[in-house]
Amino acid sequence: MNAKFILLLLVVTTTTLLPDAKGAEIIRCSGTRECYAPCQKLTGCLNAKCMNKACKCYGCV
């Protein structure tokens with residue numbers, strides 16, 4: 001019983017700490033305009049925003 005709980009806790013902790021694949025490439029920015037060109041190269045769309053000095057690229061709708 002105790003071993004199963006520890007294993008479950010380990011799995012949950014590991015999955016929450018792993019970075020997602022989409023955010024693996026970090027593009028630094030100081031304004032949203034700096035994100036348009038790099039995000040267009042990655043996703044093919046201009047949908048982007050600068051948040052916490054890193055670009056957040058959104059896909060095409």
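Backbone N, Cα and C define each Cβ position, glycine as well.
Swiss-Prot has this to say about the protein:
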type	residues	note
SIGNAL	1-23	signal peptide
DISULFID	C29-C50	disulfide bond
DISULFID	C35-C55	disulfide bond
DISULFID	C39-C57	disulfide bond
DISULFID	C45-C60	disulfide bond
SITE	K49	site 'Basic residue of the functional dyad'
SITE	Y58	site 'Aromatic residue of the functional dyad'
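If you measure from the Cα atom of C57 (disulfide bond) to that of C45 (disulfide bond), you get 9 Å. When secondary structure is read from DSSP and collapsed to three states, C50 (disulfide bond) falls in the strand class.
For the pair formed by C35 (disulfide bond) and Y58 (site 'Aromatic residue of the functional dyad'), distance between Cα atoms is given as 11 Å, rounded to the nearest Å. Note: the CA-CA distance between C60 (disulfide bond) and C39 (disulfide bond) rounds to 11 Å. Scoring each of the disulfide-bonded residues (C57, C60) by how many neighbouring Cβ atoms lie within 10 Å, the top position goes to C57. Here the candidates are the disulfide-bonded residues C29, C39, C50. The one whose C-alpha lies nearest to that of Y58 (site 'Aromatic residue of the functional dyad') is C39.
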